[in-house]
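All remarks here apply to the structure that follows.
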Amino acid sequence: MGDSGDAQKMQRLLEMLALNSGDMSKLTQQQRKAFEEYKFWKTQPVARFDEKVEEEGPINPPRRVEDVRDEPYPLLEEFEWRTMDITTGQDLEDVFVLLNENYIEDKDSTFRFNYTREFFNWALKPPGWRKEWHVGVRVRQSGRLVAFISAVPTTLEVRGREMKSVEINFLCIHKKLRSKRLAPILIKEITRRVNKCDIWHALYSAGIVLPSPISTCRYTHRPLNWSKLFDVGFTALPANATKTQMLAKYTLPKKPLVEGLRPMTDADVDGAFDLFNRYQKRFELIQTFDKSEFRHWFLGNEETPSVIYSYVVQNSEGKITDFVSFYSLPFTILKNPLHKELGIGYLFYYASDADFDYEDRYDPTATELLRKRLTQLINDVCILARDLKMDVFNALTSQDNALFLEDLKFGPGDGFLNFYLFNYRANPIRGGLTEDKKFDAKNRSNQGVVML
């Protein structure tokens, strides 16, 4: 649903409340939740639904760090704040258990993210990470972890304007405590801790629509093991198709086809880093990495095996011409006697010099050169993911993905991912979708951020 549709829905909700003299008891549970979220976000420095942006920039000016409150925000008596030390076994284990048991599930409660300790080490400990930005809420009496939110440092660039920022992620509250209004207090507390470090902006994403997305992308799925996906209910058998036909449709070549494609090593970092930075400049919303961040996000380390996979293509002169990466984040399969886990690969960042000779990204020849090259690269990535026992490969409609999604048999998913900026007002950025939410191969996306 687009911003205008959600704005209209909220307007109807407000009118209903006015007719009933503000009596929320006449609202459904879902309507009450939507209204509470609306009330909270109305107090925050975020863009409003349908707001006309005349000048892009910060909503509130930076404050003095010494003016930020020193004390954490008060919790209900039975809870207490806890800074989570994920370098130690028990805190990492507690975060691991909380998210695996309570984080995002699909609507039918059939699949749930299966986070690994290695994934958390990669996602939560980039260069510059701070322990105090891993915020937990424990039950005072038992010590049980019941809520978590995190921030990691990043540098954002919005239409060429750079700002020190954080990426907010992994907001999770125990299922039985979701009526306790912990989410707003978690957001306020992580904001306080980040402000204490003289950072006033944040990037975050959500499947739900809040005030107000800067960009919206759609999830897409490319089956690698169609038979297993069908067995567990991830995909259905289309009308007028047989299982044999579906298996044939999604069969990939036995080995990668791009000449010279190989795993990226530390020796490739300089060339890949330069290529990546030049490629990213075409987008209106990006994260900029320094070289140590680039190494972390694309090579990982001994704490993060089997999480991030990066590949390069080097020409005969030793120049890196292509770079592509994906990460692994499996699903736990609930209520299925045959399968316990679904292997999932996620397209991360990539870059190619295929269209660098053209000033205009949308020049027809440049577009065709890039489309052909990306199609070859991502097809090989699907083969590599299949060989790593992944069952499906996911991508958003961000970046230049709309050029290859249809040709490579990525199907549109049910889910959309909305991107938000905290304390920054900007005009919407294309997310690779047409008005009717189809892949927009003509205009593509100007959204160049991939969030975990």
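Note: Cβ is positioned from N, Cα and C throughout, glycine not excepted.
Noted in Swiss-Prot for the protein shown:
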type	residues	note
BINDING	TYR38, LYS39, PHE40, TRP41, LEU171, CYS172, ILE173, SER179, LYS180, ARG181, LEU182, ALA183	tetradecanoyl-CoA binding site
ACT_SITE	LEU452	active site, proton acceptor
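Same-chain residues at least 6 positions away in sequence with a Cβ under 8 Å from that of LEU452 (active site, proton acceptor) are, in sequence order, ALA123, ASN169, TYR327, LEU329. Annotation for LEU171 (tetradecanoyl-CoA binding site): spatial neighbours PHE148, ILE149, ALA183, LEU186, ILE187, criterion Cβ-Cβ under 8 Å with sequence separation of six or more. Non-local contacts of ILE173 (tetradecanoyl-CoA binding site) by the CB criterion (under 8 A, 6+ apart in sequence, same chain) comprise ASN102, VAL146, ALA147, LYS180, LEU182, ALA183, LEU186. It is LEU182 that, of the binding-site residues PHE40, LYS180, LEU182, has its Cβ surrounded by the most other Cβ atoms within 10 Å.
According to its DSSP assignment, LEU452 (active site, proton acceptor) is coil. In three-state terms derived from DSSP, LYS180 (tetradecanoyl-CoA binding site) belongs to neither a helical nor a strand segment and is classed as coil.
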